Amino acid sequence: MAPKLMKMIRVEAPLLREIMAEFLGTFILVLFGDASVAQSKLSNEANGDFFSINWGWAIGVMMGVLVAGGVSGAHLNPAVTLAMACAGRLAIIKVFFYMLAQYLGAFAAAASVLGVYSDAIQYASNGTLTMNDEANDPGLAGIFATYPAPWLSVAGGLGDQILGTMLLLLCICAITDKKNTQIPSALVPMYVGFTILGIGVCFGANCGYALNPARDLSPRLISLIAGWEQSFSWDNYNWFWVPIVGPHIGAILGVFIYIAFVEAHWPEDGDELVPVGVPRASFNKDRGFAAST
């Protein structure tokens, strides 16, 4: 791109750059994820299954973090943004703007998936976008938002979302903690993506592991606009709020549990490390602990 054009479109305001990055990163995340579900459902699993969906979401997260990470930190998730603000790692004034960008990015992504797969949706549904609450079958609305499995109670779903998001934030904190295993910045997107893959493979059966209010609420709104009338009223309005409330609670728990169990206990610079119960040992900063001779 010509330098003059680059200069013309350049955004100088740091907050606006971060908002744009959060929008685009979340857009990529949800675009990959929702499209993987669409391909599976619309082909009756001929071109995708439970594991391809998990890979779709994992790669979406990986690419979203890769795009936005160097600009905004790539939260891509209102629950992550709230947790980081509560831990003092994000200015409170930025919370609203980050969340707005995330919800709008997810909305744009879901709308894009609806547009790309609109012909297939019309073909598969015979033009009737139905959901059967009594049979616990959300139909093709499940492309866009999560719905509980037949065995899942509201309390069980809330616990699922809290635990899954807590695990996500625990792992993110460990991955980005430079005093821990010192993962290179270039590898952070891959590690976060594999974290999502692991959570999906292990906890995806209950309700699709939303873990992200923007990933669930904005596409759910798109499905309502498209014609799935029970998108919010499913189970007498007892479900739609679970993937919103649960992740916020879980994210805050995950950050503070990591701080309480790991991060708060790193030695300060200059402290001498003495292993408990090993009287004749010395510490070398390059080789670690070694027995004295």
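Backbone N, Cα and C define each Cβ position, glycine as well.
What TrEMBL lists as transmembrane segment is 54-74 (among others).
What TrEMBL records for 95-117 (among others) is transmembrane segment. Sequence-distant contacts of the transmembrane segment (95-117) (same chain, six or more residues past either end, CB-CB distance under 8 Å): 15, 18-20, 22-31, 34-35, 38, 42, 72, 75-78, 81-82, 85, 143-144, 213-215, 217-219, 221-223, 226.
Same-chain residues lying 6 or more positions outside the transmembrane segment (151-175) and placing a CB less than 8 Å from one of its CB atoms are 79-80, 83, 181, 183, 188, 191-192, 195-196, 199, 203, 206-207, 209-212, 235, 238-239, 242-243, 245-251, 253-255, 257-259, 262-263. The feature transmembrane segment is assigned by TrEMBL to 151-175 (among others).
Beyond its flanks by at least six residues, the transmembrane segment (187-211) meets 50-51, 53-55, 57-59, 61-63, 65-66, 69, 74, 77, 79, 142, 145-149, 152, 156-157, 160-161, 163-165, 167-168, 171-172, 175-176, 242-243, 247, 250 of its own chain at Cβ-Cβ distances under 8 Å. Here TrEMBL flags 187-211 (among others) as transmembrane segment.
For 239-261 (among others), the entry in TrEMBL reads transmembrane segment. Residues 77-80, 82-84, 86-87, 145-148, 154, 157-170, 172-174, 177, 207, 210-213, 216-217, 220, 231-232 of the same chain lie 6+ residues outside the transmembrane segment (239-261) yet bring a C-beta within less than 8 angstroms of a C-beta in it.
Sequence-distant contacts of the transmembrane segment (54-74), counting only residues of its own chain at least 6 positions beyond either end whose CB sits under 8 Å from a CB of the stretch, comprise 17-22, 24-33, 35-37, 48, 84, 90, 98, 185, 188-190, 192-194, 196-197, 200-201, 204.
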